[in-house]
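Positions annotated as disulfide bond by Swiss-Prot: 11-70, 26-117, 28-44, 43-98, 50-91, 59-84, 77-89. Here Swiss-Prot flags 27, 29, 31, 48 as Ca(2+) binding site, drawing on similarity to another entry. Among the features that Swiss-Prot reports, active site is placed at 47, 92, with the record citing similarity to another entry.
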């Protein structure tokens with residue numbers, strides 16, 4: 001769920017508050033359209049699409065609780081997760097790892113969605 005996703009982000013990017021990723025570019029945050037502004041925004045676009053695929057399986061990605069571990073910045077989804085838990089956990093894990101590898105460009109925080117994301 002979103003709370004667990006926030007904690008995963010803190011695991012892989014402890015130096016930056018999670019809310020910096022909640023309003024970034026065209027895809028980090030609620031909804032998303034247009035062309036991603038950079039690599040970090042593309043991480044969010046992929047995450048949005050991953051949640052969409054989980055929904056097609058009948059899952060509720062924003063609410064699904066799953067089991068995972070964070071150890072020294074490394075995330076692992078539990079093998080004991082059911083189909084939906086595993087799908088959502090993997091979406092969040094891939095995104096959190098992607099965030100860790102993408103540069104954060106301050107100018108792309110809180111962009112004007114109407115101007116930049118058509």
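Even glycines carry a Cβ here, placed using N, Cα and C.
Quick caveat, the model's predicted, so the values are computed rather than measured.
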Using all protein chains in view, find how many other C-beta atoms are within 10 Å of the C-beta of residue 117 (disulfide bond).
-> 18
Between 44, 84, which of the disulfide-bonded residues has the fewest other CB atoms within 10 angstroms in the structure shown?
-> 84
Within 10 Å of residue 91 (disulfide bond) (Cα basis), scanning binding-site residues 27, 29, 31, I find none
Env. residues of Ca(2+) site, Cβ within 8 Å of mean position of 27, 29, 31, 48 Cβ | 26, 28, 30, 32, 44, 45
Near residue 47 (active site), meaning Cα within 10 Å, which of 31, 84, 89, 92 (recorded positions)?
-> 92
What's the CA-CA gap between residue 31 (Ca(2+) binding site) and residue 11 (disulfide bond) in angstrom, rounded?
-> 24
Measuring CB to CB from residue 59 (disulfide bond), give everything in the same chain under 8 Å that is also at least six residues away in sequence.
-> 83, 84, 87, 88
